[in-house]
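As given in Swiss-Prot:
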- ASP13: active site, proton acceptor (ACT_SITE)
- HIS41: active site, proton donor (ACT_SITE)
- 12-18, 40-42, ARG304, 330-332, 412-414: GTP binding site (BINDING)
- ASP13, GLY40: Mg(2+) binding site (BINDING)
- ASP13, GLU14, GLY15, LYS16, ASN38, ALA39, GLY40, HIS41, THR128, ARG142, GLN223, THR238, ARG302: IMP binding site (BINDING)
- THR298, THR299, THR300, GLY301, ARG302, PRO303, ARG304: substrate binding site (BINDING)
Amino acid sequence: MSTVVIIGAQWGDEGKGKITDFLAEKAEIIVRYQGGNNAGHTVVVDDAEFKLHLIPSGILHPEKLCVIGNGVVIDPQVLKQELDSLAERGVKTGRLCVSQRSHIIMPYHRKMDAVEEEQKGEGKIGTTKRGIGPTYTDKASRVGIRVVDLIDKEEFPKLLKNNIECKNEIFEKLYNTKGFEYEEVLKEYQGYAEMLEPMTEDVSVLVHNAIKEGKNVLFEGAQGTLLDLDHGTYPYVTSSHPTAAAACLGSGVGPTKINRALGIVKAYTTRVGEGPFPTELNDGLGEEIRKNGNEYGTTTGRPRRCGWFDAVIVRYAARISGLDSLAITKLDVLSGLPVIKLCSGYRYKGEIIREFPASLKELAKCEPVYEDFPGWSEDISNVTRYEDLPENAKRYLERIVELTEVKISLISVGVKRSQTIILEDLFN
């Protein structure tokens, strides 16, 4: 039996979908434990591309049980669209189950997200406007609607009526915009209740029993550590916790049940939305990496900001989640660059610092301290053994290990499952 947690160790978009899909072959259960449809996981199977936002990436493996845990906020409209899209492409989705305790994204959450972001003006966060933040806000305020509430034919209408009355007052009096019609929302979400009810499970019991029976369980995270509500670049963060600890909270299992934490990192760094980014490349090279890496958001389509690998943030993420090893993705994107830079620390007020600062004001004044590495010209997209990588690529990877103090278990050199170099079997 082995339990592995997948964590993004940068600002999200690290390639967690591909790695989850790759590791799902040896797992029996795949659990999404936080976030919502603000996630965008791209998986390629036999040249067919699948883009998933809510459903675990393991769904593309027949016979694997896929679970949406209580830490995830669910937009049933998006869930239905994903299920329908997968079914149209011949993917069986009857192996999906949803936690009774997951909170539901309502139409007023999506509208609140958009209105509040607009009100911020120049201080905008860069939200996806999917209603994620307002749903977590209602959860913390104890007025949210859970799956178990949605499928309760007596309770749901009462909860919805109270919430719509409250939200409409805010929309109309504070934001001078129209609210929602109770009957319309009720009818729509009663339909979603019928869809969700057969999938509903006590996920904590299900996952606990699976671990007890010796099954391999893979916990799939969304976003990245630097977007964590507590440990990220606040306030430019998400509303959940993309860290290893959240796998326990978001699925209902104890921390002693987790065996390994795998951090996913690109061979460079990207970020979507606002906020500081010390190694960002605002030049033609950044555009070249964006083009070669196809760096556009799966969820929003927004171009990602690109920069050099930052060992400071990855070492920070490793400490926060207790990472056992790393999976390096998109190493192939760096092929052809004459020089590759790696950030080993920051220069702040004339001194070199190695730890990630909490203050964004301080972070904005930090200058990256770079180490230069000669690049490689070889096409590495079909390399399957570490020994066959160019020497310069191996030296670059070895330095990443030294600076982050975390070993490498997997290296991805392309989007396909076959384009993966295995250094260690994570389920042994």
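Glycine is treated like the rest: Cβ placed from N, Cα and C.
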Taking only the CA atoms, the spacing between PRO303 (substrate binding site) and the residue listed as 'active site, proton donor', expressed in whole angstrom, is 16
If you tally other C-beta atoms within 10 angstroms for each of the binding-site residues THR42, GLN223, THR298, the top scorer is GLN223
DSSP, reduced to three states, assigns THR300 (substrate binding site) to coil
Close in space but at least six residues away in sequence, with Cβ under 8 Å from that of GLY15 (GTP binding site), the same-chain residues are ILE264, LYS266, ALA327, THR329, LYS330, SER412
Under a three-state DSSP reduction, the secondary structure at THR42 (GTP binding site) is strand
Should one count Cβ atoms within 10 Å of each candidate's Cβ, the binding-site residues THR128, THR300 would be headed by THR128
Among the binding-site residues listed as GLY12, THR42, GLY301, the Cα nearest the Cα of GLN223 (IMP binding site) belongs to GLY12
Among ASP13, GLU14, GLY15, LYS16, ASN38, ALA39, GLY40, HIS41, THR128, ARG142, GLN223, THR238, ARG302, the record's IMP-binding residues, the widest C-alpha separation in angstrom comes to 34
ARG304 (substrate binding site) to LEU331 (GTP binding site), Cα to Cα, whole Å, comes out at 17
Here the recorded positions are ASN38, GLY40, HIS41, GLY301, ARG302, and the Cα closest to that of VAL413 (GTP binding site) is found at HIS41
Running the recorded positions GLY12, ASP13, LYS18, HIS41, THR42, LEU331 through a 10 angstrom C-alpha radius around THR300 (substrate binding site) leaves none
ARG304 (substrate binding site) has its Cβ surrounded, within 10 angstroms, by a count of other Cβ atoms equal to 23
Comparing the Cα of THR298 (substrate binding site) with the Cα atoms of the recorded positions ASP13, LYS18, GLY40, HIS41, LEU331, the shortest distance belongs to GLY40
Nearest to THR42 (GTP binding site) by C-alpha distance, among the recorded positions ASP13, THR128, GLY301, ARG302, is ASP13
Cα of ARG302 (IMP binding site) to Cα of GLY40 (Mg(2+) binding site), in Å and rounded, measures 12
